[in-house]
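Asker: This is the structure I have questions about; it appears just below.
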């Protein structure tokens, strides 16, 4: 508990210090609870998520950083490795490939990389995965782009 | 796969991170003694003699039984570690710190600290942020200092056992070794690459990310070589498997991992001819062996 708090505090300071270093990620700690974080990440360019801003919720366990944070999308997203209803993410580093060398910030980068490089063979969203597996890239992209417009685009005006 | 690891976890948790040191009993064993060791739950709380190993293989390969008998000529006791994928690092942790505690070898502590500082620089130069690994380094250095007697925070052998069973200490030190191992492999990636290609299809970086740094990933000779080299600590691994010599004569093989000194003898611990850390390897698992 003490160790995880100390580590998170260091990450917090690092995030403050490096605020402008990664313009695609905005990581914010909850005002009253250092174990709760949210992030806003920009959809990578040349993907159907381009132009969208996606919100992630982090729940950090007491055994952090020996145990990975739990991360899910709060913003609806059509992606083979993200559960369409719960926002749960299927990513090895959030499960058995986790190590304390990762940080909340680098997890965000890994999620952006996952958005650009979906792994349709281990789908949490089967509809999305099946489109890619059957080679219907166009179908996948137009569905994903539609949800980016509907759910992840900043409201105008 | 998930089910497999669940079963492994459940099995592994029957044993504390570190078992008790158990004296060897004279061979041959009477069958009735062997069967008494097979009582349920005996694996956890009872002091285990080296011969408990024989009990495990009682109805198994005669080669193994012969080898265990040979082992008992040279080794007095065994201490088991939990089979949770971290057993190599955990065995090394305890065997090394116990050696420091028993020998009070300050020269060795000073020597290993210099190598730990090198490891820190290695990680920094590889681009690891300090805050990702410094807590793990600090805890290991603290254990080293605590093992030396004469300070207010010096610890007893009993306390070392307690700490090694305490997840918040034990897992952090295992993780320290994982960082050190990963840094060494990546620093000398040209050297390790062919060995890694022999094990998996991964690049050096992928291997470190997937098979060295995550907790619970099992160790292979690549990990042992790297850790031994990085810290300059020789490690003897005694192999208990079914292999036998062509001549039909049974012998127990061992391999000494002797660290490269890079032309600087001060980098390596003394005792390269007889390493003070001795581990018993059975396919998939490491425990600690105590020479007579």
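Note that Cβ sites are derived from N, Cα and C of the backbone, with glycine treated the same way.
I grabbed these lines from TrEMBL:
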- B:76-292: domain 'OTU' (DOMAIN)
- B:84: active site (ACT_SITE)
- B:87: active site, nucleophile (ACT_SITE)
- B:239: site 'Interacts with free ubiquitin' (SITE)
- B:241: site 'Interacts with free ubiquitin' (SITE)
- B:281: site 'Interacts with free ubiquitin' (SITE)
- B:285: active site (ACT_SITE)
- B:286: site 'Interacts with free ubiquitin' (SITE)
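Let's see these features in context: how buried, what's close, how far.
Answerer: Taking the Cβ of residue B:84 (active site) as centre and 10 Å as the limit, one finds 19 other Cβ atoms among all the protein chains shown.
Under the three-state DSSP scheme, residue B:87 (active site, nucleophile) falls in the helix class.
Neighbour density for residue B:239 (site 'Interacts with free ubiquitin'): within 10 A of its CB lie 15 other CB atoms from the protein chains shown.
Taking Cβ-Cβ distances under 8 Å and a sequence gap of 6 or more within the same chain, the neighbours of residue B:241 (site 'Interacts with free ubiquitin') are B:64, B:281, B:282, B:283. Secondary structure at residue B:241 (site 'Interacts with free ubiquitin'), taken from DSSP and collapsed to helix, strand or coil, is coil.
Long-range C-beta contacts of residue B:285 (active site), restricted to its own chain and to partners at least six residues apart, with a cutoff below 8 Å, comprise B:83, B:87.
DSSP assigns residue B:286 (site 'Interacts with free ubiquitin') to a strand in the three-state reduction.
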Asker: If you average the pLDDT over the domain 'OTU' (B:76-292), what number do you get?
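Answerer: In the predicted model, the domain 'OTU' (B:76-292) has a mean pLDDT of 91.
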Asker: Write down the Cα-Cα distance for residue B:84 (active site) and residue B:286 (site 'Interacts with free ubiquitin'), rounded and given in Å.
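Answerer: About 10 Å separate the Cα atoms of these two residues.
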Asker: Rounded to an integer, what is the Cα-Cα distance in Å between residue B:84 (active site) and residue B:239 (site 'Interacts with free ubiquitin')?
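Answerer: Checking the Cα atoms of residue B:84 (active site) and residue B:239 (site 'Interacts with free ubiquitin') gives a distance of 19 Å.
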Asker: Which one of these recorded positions has the most other Cβ atoms within 10 Å of its own Cβ: B:87, B:286?
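Answerer: Of B:87, B:286, the one with the most crowded Cβ is B:87.
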Asker: Is it possible to get the count of other C-beta atoms within 10 angstroms of the C-beta of residue B:281 (site 'Interacts with free ubiquitin')?
Answerer: 23
